[in-house]
């Protein structure tokens, strides 16, 4: 058999042409330090800031510090199996979380993994946790109200869709209750709610989830939880995960309410990470970019232009103060980023005034333009009246004689305080808020004993539901008050047949 050299060379040539190398090139490094949710690695020459990295044990990390000799990495998950000398690989991707409709009604961790025991979440959509906020020309001014169902907020410090309203106060002053009540009030309001629990006790989160489920609010709510027992990288990441999920809905033209409970714990977690990464500490040992930590998060809440779908993200960030000190570092940072704040005083809370909103220190910078006409008319002077009542009340403690005008102001003030009280998890529709506040500001409650105000209000709402539903309907549909004579006649009719006259 003759060997044909030409055939053999053609065959070899064909084999070479058809050869496909079965390998992929991945840049790897070596772990040089591990501990407290932080790793350092050598050899990742081209890694990007914020890039996702893969450890040998399957855990992921995120590149934070890019230094001349090594890379500082925060570990997202369990770091107990990682050892010095382990190999670490680049993924070439930045941190992304699952988003979309299938997350609604679920409880997830900051990586988007379910923690409620209800099985896998099936979604093929993801969004990066860090994303640029909408630009100046991509935004619209706040014009639609977000009804919290709480008289004290909707009347005194109204919130609009797309606003950032800080809720600030000491621990145990009812901050979370305000947020949960606001979420409950979004039922049938075409809103999606996201509750981000940062550094909370797991038992507390369980209680909140059960409350939401009991009132049917879990049907339109996503809960993101990073409990106190989890490593600080997850606490740092949780708010960004929540807002990434919210952005998916906002850019579809939907309206979202997101609650960050609370950002003080996120700042503490970030301080811990920064100190472990050897970043230079600043005031109160926080790193220099702690303002940017919160500003880049809260700037992603907006009312976007019609070209982008006209959706919105309304943010309710929480800050916990120490002994009512709202001039602390993190508190003043967040106050300067947000569009107003609701200050909860422990003195008011302990005196039984709940929600314990301090009208003097609370403000809504843009919510006034979103308030409905009816509420503007009845609550126009309520803030000033309440503030002057508190001032007068302080003076009366000295026991001086009072003229009739001052006495009338004090009487109206006491009734105002009683009307603005509200039981837990009982948000009130805006049309009912308007009717009771109208009765208050037009002097119909001046003869009702202060101790009977709560009972008066219950019977008052029941009367309007039964006898005058058309008045409530008019307020709900037109967003304005009906003729004053109609309202006055209805309230007088109630007073005549009640025991309060």
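Placement of Cβ uses the backbone N, Cα and C atoms for every residue, glycine included.
Per Swiss-Prot, these features apply:
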BINDING   169, 170, 171, 172, 173, 174, 175, 176  ATP binding site
SITE      362  site 'Required for activity'
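Of the chain residues outside the ATP site list 169, 170, 171, 172, 173, 174, 175, 176, 320, 344, 346, 349, 356 have their Cβ within 8 Å of the site's Cβ mean position.
The two recorded residues, residue 175 (ATP binding site) and residue 362 (site 'Required for activity'), have Cα atoms 14 Å apart. On its own chain, residue 174 (ATP binding site) has 344, 349, 354, 355, 356 as residues at least 6 apart in sequence with a Cβ closer than 8 Å to its own Cβ. Residue 170 (ATP binding site) is surrounded by 18 other CB atoms, counting those within 10 A of its CB over all protein chains shown. Taking the Cα atom of each, residue 173 (ATP binding site) and residue 362 (site 'Required for activity') are about 15 angstrom apart. With a cut-off of 8 Å between CB atoms and residues at least 6 apart in sequence, the same chain places 175, 320, 321, 324, 343, 344, 345, 346, 356 near residue 169 (ATP binding site), listed in sequence order.
Considering only the binding-site residues 170, 171, 172, 176, residue 362 (site 'Required for activity') has 170 as its nearest partner by CA-CA distance. In the three-state DSSP classification, residue 169 (ATP binding site) falls within a strand. Mapped onto three states, the DSSP output places residue 175 (ATP binding site) in helix.
By the criterion of other Cβ atoms within 10 Å of the residue's own Cβ, the least surrounded of the recorded positions 172, 173, 176, 362 is 172. For residue 171 (ATP binding site), the same-chain residues lying six or more positions away in sequence with a CB closer than 8 A to its CB are 320.
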